[in-house]
Amino acid sequence: MPHPYSPVRSFPFPEHLILLPAGSDLTLLQAPTRLAINQNRYLEIHSSLYQLNNNNRGILICPLGVGLKYPGMPDLAPDEPGRIFLMDLNEQNPRVQELNISDGFDKASFNPHGISTFTDKDQTVYLYVVNHPHMDSTVEIFKFEEQQRSLVYLKTIKHELLKSVNDIVVLGPEQFYATRDRYFTNFFLALLELVMDLRWTHVLFYSPREVKVVARGFSSANGITISLDKKYIYVADVSDKNIHVMKIQDNWDLTQLKVIQLDTLVDNLTVDPDTGDILAGCHPNAIKLLVYDTEDPPGSEALRIRNALSEKPMISTMYANNGSALQGSSVASAYGGKLLIGTVFHKALYCEL
């Protein structure tokens, strides 16, 4: 169906977007990229959103994970490491800027996936990045230097439960939820896992003192984000075509409240910082996504879910395209009358609402 918004510009960035919290005026982009705007008015490119104050709105961080490789999908830059970009949506003509990463970090094997931000009491912004070096799973922590437009590498988090990590939402210093999108790391076993509907994927809670599985039974847990009031977690199950609404308990366990069923494959989620609506980047056709054909490319779809906690959430289409303009949409974020959509391997699309 035709989309209601006119694309202003497209950028060569895929699957996740992230907003920065108070104290920053920038948005970081990473590819593959997911988009999100947090309560602090920053766009996050992978999964979670974090708040910005009224003086620091519209900065987007995007990971460009050109190293992510999925059988059947095109690999547009097989020999290039992943990168992190920044975009300021307050500019009349927003441009993307690559962020320099400090020494001490293995940039050659950088393969970013989900991203999230955390701002401490002195307004220092920390960026958490799901990384797949050599097809492993780690979480990298960086400090964002706004004036220098750079990232200072701080540490790498590894754990035996951090396997096949897809997305992340940071709750506090070295404290986060993460999704595991498949149980088997072997592609063919993972495919069998989906066919047999084993539902062995889950959501993990990580902190320096405790690491545990807090929600189970997903076919393929994918994007994850948090509500504006920090009481609820939203998890996308991409192969089940739904969004799980979960309440955070005092011990960080998650209790499922409801499941919002959709007619499309839900990839990454963000939250509108002004309304609290869930924004979802979706894949309308799984086969076209997994078996890429240049003559018949996968389409794109971005949805808005209003009143997610009500008995009848309102679902509307923000953007839809048959692949002629944008292929394989995976995340969407709205800010200040603007819409930014990221993709798995294609471009990021910037629109005016």
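Backbone N, Cα and C define each Cβ position, glycine as well.
What TrEMBL says about a protein is an automatic prediction, not a curated fact.
According to TrEMBL, the active site, proton acceptor annotation covers His113.
What TrEMBL lists as Ca(2+) binding site is Ile115, Asn166, Asp167, Asn222, Asp267, Asn268.
Residues annotated as N-linked glycosylation site in TrEMBL: Asn268 (among others). Other Cβ atoms within 10 Å of the Cβ of Asn268 (Ca(2+) binding site) number 37 in total over all chains.
If you look up TrEMBL, you'll see Asn322 (among others) marked as N-linked glycosylation site. Other Cβ atoms within 10 Å of the Cβ of Asn322 (N-linked glycosylation site), summed over all protein chains shown, number 17.
Counting only the Cα atoms, the space from Asn268 (Ca(2+) binding site) to Asn322 (N-linked glycosylation site) is about 19 angstrom.
Minimal Cβ crowding within 10 Å, among the binding-site residues Asp167, Asp267, is found at Asp267. A sphere of 10 angstroms centred on the C-beta of Asn222 (Ca(2+) binding site) encloses 28 other C-beta atoms. A separation of roughly 7 Å, to the nearest angstrom, links the Cα atoms of His113 (active site, proton acceptor) and Asn166 (Ca(2+) binding site). There are 36 other CB atoms within 10 A of the CB of Ile115 (Ca(2+) binding site), with all protein chains counted. Less than 8 angstroms from the CB of Asn166 (Ca(2+) binding site) sit His113, Gly114, Val130, Ala178, Thr179, Arg180, Asp181, Ala221, Asn222, Gly223, each of them six or more residues away in the same chain.
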